[in-house]
């Protein structure tokens, strides 16, 4: 292998990342999604190579040829673990759980329906198109399986750019990831007849094995990874390395050795790390993880979409009849997806968060195909037992549909979202945004006046300084529905609560388990779109019911209190911890309401609504304080343990903040800090109740 062949992959990566950075900046003010721009760039440089524009023997031509003839397995094993894990990790576990039924409906029976209808379409094509006469039902259903699965890479990347609502984007994300499991099983069922790789099990048995096996593998690896990173004294880089390696290992074992769905395994792995891992991982590691995976996903997306464009440009061969069939099949698969969603719509609109007709339209049009389908088509093109004409036609049709969905569906879905009003901001939200912006302008103006009084700044050109003040916005015109305004303020309060709980966790005021319970309560209120009072979370502060074997002790209440206090203290400590965190967050919410009223943008009627919201917040504070007082009075041992645990966590968290400040000020070196941080982390792991009791 000469030096040019060795350099070709590196040159392709460098060129792609540079082009990606330029496109990322250049497409900011256009309607063209970034991923579509990447795909178009790959298509163009591939077509130029095919036309012989690049000089023979150049390293750039070698890099394009390398990309155009890449092994399809390399696409799967190199890029998918990063992209699928990141998508699963970013899924909101609460929303994912509520959308899981609808996502499963689309990705299992929906996928089967789409596959059979697509197979029927291809058999119809074979009757009137002589070039497609070699197609039989096995070829048609194999193609139906690979083309019916929406690509998680393409869908996730697009939805993030368009800023679609979290609930709807989670449904689309979940469907696109889960139907990969169904798609791979169905594809291999027919593809295996040509490669002698087909299993002896029935399709139903194989499907259950592939999906459930993938879930189980992902969950097991997720817990093993959590066990390692929470018990090691490693730094953020080492912990992220463990998560990255585990993601690749999960996918590799699933696909290569256990014959289960690697994507489903990664979804299970990512959800475990996200739901159980975030509260258990140190806050600084969480921040590092977010930045690291954002960068890794950006680079992987950049490379894979350019790669898809190059592969299509260099490998696809077609006749005029192929283009006619492509238009027919592209139209057909869109109609088939529409029919499939229409079949399940009556059920979907009544389950989970439901599904509106406008969202159903977006779901139909947003079924993008991308790297995953193309990878499967490349596998078909390399399989000699399949007739050559069929191999080339499968590759061409798949590449054509990928191209059309990325250039037609993806570029118009933003317009469709706006046309259907799914991106429209409510009058209440506009009014509240205006209020917050007005408060910002007032504060800036006030500080500007204070600076003018500063003697050390008298020489400043105040006219020029004034040009840097924020520009006030015009007040919104039109009536604002009071109930909508209250709902929007509640949602703002819940957003602030969520942030506040993470801050409390970072400061050691609440434990990781309490953080998860508090965040879950916020998500449940969020499900009501701000229409439920903020004080409707009684289950959060519920004390446990006494077990049956304690009922006989009711003859002596004091004896009962002492016995429970001694043997069930962990339960009361947990409730006390939650109540304390809730009070901290509610005080922050009260401050937010005071600031909104002080902005001067609310009329008398709106101020009365703010007072109703204050009442809801006060009720949370009063109930939390009542629970804390009761525990302090009747369960003194539990109360003492709760206060001790809180104090220890705050002490260690303060020490950690002090070390970080010393590093920031240059008083210590990074090498000095590492040993300090390791010692702090070791002591922080000892703040669990069981370990405190052993002290």
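Yeah, the Cβs are placed from backbone N, Cα and C, and that goes for glycine too.
Keep in mind it's a predicted model, so treat the numbers as computed, not measured.
Listed features, source TrEMBL:
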DOMAIN    17-418  domain 'Cation/H+ exchanger transmembrane'
TRANSMEM  6-27  transmembrane segment
TRANSMEM  34-54  transmembrane segment
TRANSMEM  74-91  transmembrane segment
TRANSMEM  103-128  transmembrane segment
TRANSMEM  140-160  transmembrane segment
TRANSMEM  181-200  transmembrane segment
TRANSMEM  206-229  transmembrane segment
TRANSMEM  236-254  transmembrane segment
TRANSMEM  298-317  transmembrane segment
TRANSMEM  323-348  transmembrane segment
TRANSMEM  360-382  transmembrane segment
TRANSMEM  394-417  transmembrane segment
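Contact count against the transmembrane segment (6-27) (Cβ pairs under 8 Å) is highest for 298-317, out of 103-128, 206-229, 298-317. Contact between the transmembrane segment (103-128) and the transmembrane segment (323-348) is supported by 3 or more Cβ pairs under 8 Å, counting only residues 6 or more apart in sequence. Long-range contacts of the transmembrane segment (236-254) within the same chain, counting only residues at least 6 positions beyond its ends with a Cβ under 8 Å from a Cβ of the stretch, are 77, 80-82, 84-85, 213-214, 217-218, 221-222, 224-225, 228-229, 260-266, 269-270, 273, 281-282, 284-285, 288-289, 292, 296. Proximity of distant same-chain residues to the transmembrane segment (34-54), defined by a Cβ-Cβ separation under 8 Å and at least 6 residues beyond the stretch ends, is recorded for 19-20, 23-24, 26-27, 60-61, 64-65, 67-68, 154, 157-158, 161, 301-302, 305-314, 403, 406-407, 410-411. Only residues 6 or more beyond the boundaries of the transmembrane segment (394-417), in the same chain, are considered here, and those with a CB under 8 A from a CB of the stretch are 31-33, 35-36, 39-40, 43, 139, 142-143, 146-147, 151, 154, 158, 162, 164, 308, 311-312, 315-318, 322-323, 325-326, 329-330, 333, 361-362, 365-370, 373-374, 376-378, 380-381, 423.
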